[in-house]
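Asker: Would you mind keeping the following structure in view while I ask a few things?
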Amino acid sequence: MPEPTKKEENEVLAPAPAPTPEEPNKEKEAGTSPGKDEEDASPPVALPPGLGSRALERKDSEWSIGESPAGEEQDKQNANSQLSTLFVEKPQGGSVKVGENITFIAKVKAEDLLRKPTIKWFKGKWMDLASKAGKHLQLKETFERHSRVYTFEMQIIKAKENYAGNYRCEVTYKDKFDSCSFDLEVHESTGTTPNIDIRSAFKRSGEGQEDAGELDFSGLLKRREVKQQEEQPEVDVWELLKNAKPSEYEKIAFQYGITDLRGMLKRLKRMRRVEKKSAAFARILDPAYQVDKGGRVRFVVELADPKLEVKWYKNGQEIRPSTKYIFEHKGCERIMFINNCVLTDDSEYYVTAGDEKCSTELFVREPPVMVTKQLEDTKAYCGERVELECEVSEDDANVKWFKNGEEIIPGPKSRYHIRVEGKKHILVIEGATKADTAEYSVMTTGGQSSAKLSVDLKPLKILTPLTDQTVNLGKEICLKCEVSENITGKWTKNGLPVQESDRLKIVHKGRIHKLVIANALVEDEGDYVFTPDAYSVTLPAKVHVIDPPKINLDGLGDDNTVTVIAGNKLRLEIPISGEPPPKAIWSRADKAIMEGSGRIRAENYPDSTTLVIDIAEKDDSGVYHINLKNEAGEAHASIKIKVVDIPDPPVAPNVTDVGDDWCVMTWEPPVYDGGSPILGYFIERKKKQSSRWMRLNFDLCKETIFEPKKMIEGVAYEVRIFAVNAVGISKPSMPSKPFVPLAVTSPPTLLTVDSVTDTTVTMKWRPPDQIGAAGLDGYVLEYCFEGTDDWIVANTELIEKTKFTITGLPTDSRIFVRVKAVNAAGASEPKYYSQPILVKEIIEAPKIRIPRHLKQTYIRRVGEAINLVIPFQGKPRPELIWTKDGAPIDKNQINIRNSETDTIVFIRKAERSHSGKYDLQVKVEKFVETASIDIRVIDRPGPPQLVKIEDVWGENVALSWTPPRDDGNTAITGYTIQKADKKSMEWFTVIEHYHRTSATITELVIGNEYYFRVFAENMCGLSEDATMTKESAVIAKDGKIYKNPVYEDFDFTEAPMFTQPLVNTYAVAGYNATLNCSVRGNPKPKITWMKNKVAIKDDPRYRMFSNQGVCTLEIRKPSPYDGGTYCCQAVNDLGTVEIECKLEVKVIYQGVNSPGQPVFLEGQQQLHSKDF
């Protein structure tokens, strides 16, 4: 049978594509066990687990482990690997000799990983090496706690040739994935080729051995002479195997060229099984068929029923009639012919009839490959390309090349390449050397050939000799020569070897040799010699280094301009070079600058020349020249010196427009920019009454217009400008004219109809939400009749109140009403009533709206205030009558206050006599509405009536008592029991919130005498007094007398300390704002609030609270004037502590009639009636 054909000699077979769903059944029927094959193979193996023998015999099922996968799944993994990298150190490829060990290391950073990542090692595409760990393969992992790095190692022990190939390491963690591929090269150790038959070189070692499943090419390592084999008659190998003993299997396989003995034994095992009798087939297919390559085979089955339909299959795919596959029917026989058999026809076939099938195996044998054209002895010179050529009897046959008996394994970095052109096989040696002189041989499955290769040196010719050079200091020295051969050589300087460095490079490119010295120095001068290796020829040259004068102006920029600020000292040092040191001369306008002590002078040194200007002036600007001269040449340069200063201040800015908290200002650039372009401007502002200016922009303003914001409405401001150039900031401009930001108020709110008569309409509204610094002067109420657009002003003067009655209206007319708020900035946007109002008085039946909390019994404690507000409706104004428990209310004890919309019941200090049912009657003409309210005034209960000691035993006392006579006008919720030792009479609570009238007191101290007392409790609290037992309870004692330890009282005093500080707060004008902090201390500290270091006292706009150490300051409807620094001070006997915060009040303006109109302090615009 034929051997598997390889693409490259160093490639290893990898798994074939996944089998079809029917193939696992075939393997099961054949008795194959993938698990057993995996155990027999030594890791890493050339064949992955589960690979059948057929994959080794067909060219179309071969894969190279070194090839990159093209599957869609591998593409996704590669994409994931680019997105998420986990490796910090990836395993690198390596090489090892047969029998030696090698270790591959991968490291993963664990800083962002919550658990250990999962790592897998693969050979080829699919073979997982985790199950192969054993004496040839060991996997190890460690974790370094300090660096938090996982280290994973794979060690291959006693490597073999078939371990070579491509490996892959994959690491995964949750949705992260990383992969790395690396190669392993295994080189054979030097030896001689044994004298064995070439067919045995391609055998497979038997099952159960250490190298099971691996290709064994050791038989090729020994040369032998090819013997002409005699032609033998055709023999059926299957019959020989079936009749032979198991000990003779290997002998038969070697004799008849069987390359896959294991696969044939598995099939033989299936053939020996007892077949079940078939109902569909009278005669089934033979277990196996054998045919030579290019031959014809005939499959025959006989049916029990000729009417059954028959289908033929190959590897699960149905076979259709063609020129290759021919079907015949002869009675009950069904015949299939396969013409011109090739290696791909080597497969499993089966035929189906009804629900039954029978199968067979076809083996296609390939004749041995013979060498038809022998190798020829060859002579060559070093560096030439050598080709050794032979021809074999088959196209693309498997051929091996040897050098002195050692197999040649070509690789990407090897000089040996093998080229196949049909039957022609060529060994190519690139750039032959003397080491390539050897005997080369080629071997096939049916023959071999050898030839000698001799490589000698070519005669050396000097094509380009070295030449003497004279170079400038700092330039590149390049000594170049060319010889006729591509050989190496050595460089010497003054008889000493030349060593390479960052500045000195030795270049060998083909036949050209270079010595390159970058940035030549004086010490590089000398005699240089190049000597080719293996030749007695020398190439000398002399190098002479000179240095003309140079001026280094790199630090001055492209235009060689030096800028100096007026009044500063300039010391301009220019580096120069030259050998010998050059003489420097400075000049300006054809006038030399001498060395000396003048204000402008020159100073010369061996490696630099300096121009000094003590106090720079504006007239010192100009072009200065430098002239250098020495024996090697001259150098000239010009330097421009520019004296600059800060710009003049701009003129005073103009304020062109103002708003509620902003303005628009413009200005002109300064007349003199200081010799440097203006880079921008800084803007400052201040309050007119203040002397502190505040910077408005920290980034330069490039334009001559700016809009300051966040100003306080109603406060006069001034602004000024600074010009900035590269030198610095100018003096400030003159301040602008004072201006005041002002804005109109927002519209009034909640415009409603208060009352309507036959000739009047009374409207009421609420003030605007935002008033602003301009304040509120009053309101204008306007109305118009339905169907017209003429608005009539109802009030001749501004209304200060939020209620107004429109008089003189026709009865039954309909009007629309609106109201505006007016201040110094003008009138606000109007607030409209949503619908027309009918001028006609309407009687409205009374209706009482009892609040939800008054619909159930209203409970208050004795001494608390009672303030009940009961809204009602009704027009005209209703008549109200209050009664208590059916009797009129005593107005000396209970205050009743009535308005048009509600009635108020007020009791300053409630007493229990105020409890009862209160009835309210609201009457409008003949309509009457009533409502009732239950009020209960409660107090703390009295003490229990009698407390008795019922029994005393051990450490326990049983107590009982009777409920109090006075329950405080509410139910008793529990009792509190206390005990006291007769010696100290200090009372301690034993039980709280106890609901029964008897209790047992336990865990009393033996030898003590106790009294007990009981408090009654309701929702108001404990009774003021307690009832104590008349007699005491003595707890009998036995044994020693216990003396109570004496404990010192703990000092709970503490200086005040803020546990929660005040926080800087922004508030909106018109909305209440609160400042909160928390403080602790003992004794309880006194809290004082201050604004701008002034204590807040008796101010109705502020409310202060302190509850459980939490201090709160409430500011009612703040305005911008309420902004500032607030301080909370806590004081007690142990100290004082303060904490501060800033409050900023922002104003939101809406509805400006003329937005953006500036308002100045001088010449303010007057408000006219037409503005309203």
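Even glycines carry a Cβ here, placed using N, Cα and C.
Straight from TrEMBL, here's the annotation block:
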type	residues	note
COMPBIAS	1-10	compositional bias 'Basic and acidic residues'
REGION	1-80	region 'Disordered'
DOMAIN	367-454	domain 'Ig-like'
DOMAIN	459-528	domain 'Ig-like'
DOMAIN	549-642	domain 'Ig-like'
DOMAIN	649-748	domain 'Fibronectin type-III'
DOMAIN	749-842	domain 'Fibronectin type-III'
DOMAIN	943-1038	domain 'Fibronectin type-III'
DOMAIN	1056-1144	domain 'Ig-like'
Asker: Within the domain 'Fibronectin type-III' (749-842), count helix residues (DSSP H, G, I), strand residues (E, B) and coil residues, in that order.
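Answerer: DSSP classes over the domain 'Fibronectin type-III' (749-842) add up to 0 helix, 46 strand, 48 coil.
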Asker: So what's the mean pLDDT when you look at the domain 'Ig-like' (549-642)?
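Answerer: Across the residues of the domain 'Ig-like' (549-642) the model's pLDDT averages 86 on the 0 to 100 scale.
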Asker: Summarise the domain 'Ig-like' (1056-1144) as counts of helix, strand and coil residues per DSSP.
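Answerer: DSSP composition of the domain 'Ig-like' (1056-1144): 3 helix, 58 strand, 28 coil.
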Asker: Using DSSP, what is the helix/strand/coil residue split across the domain 'Ig-like' (459-528)?
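Answerer: Tallied per class, the domain 'Ig-like' (459-528) gives 3 helix, 36 strand, 31 coil.
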Asker: Count the residues of the domain 'Fibronectin type-III' (943-1038) that DSSP assigns to helix (H, G, I), to strand (E, B) and to coil, and report the three numbers in that order.
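Answerer: Secondary-structure breakdown of the domain 'Fibronectin type-III' (943-1038): 0 helix, 49 strand, 47 coil.
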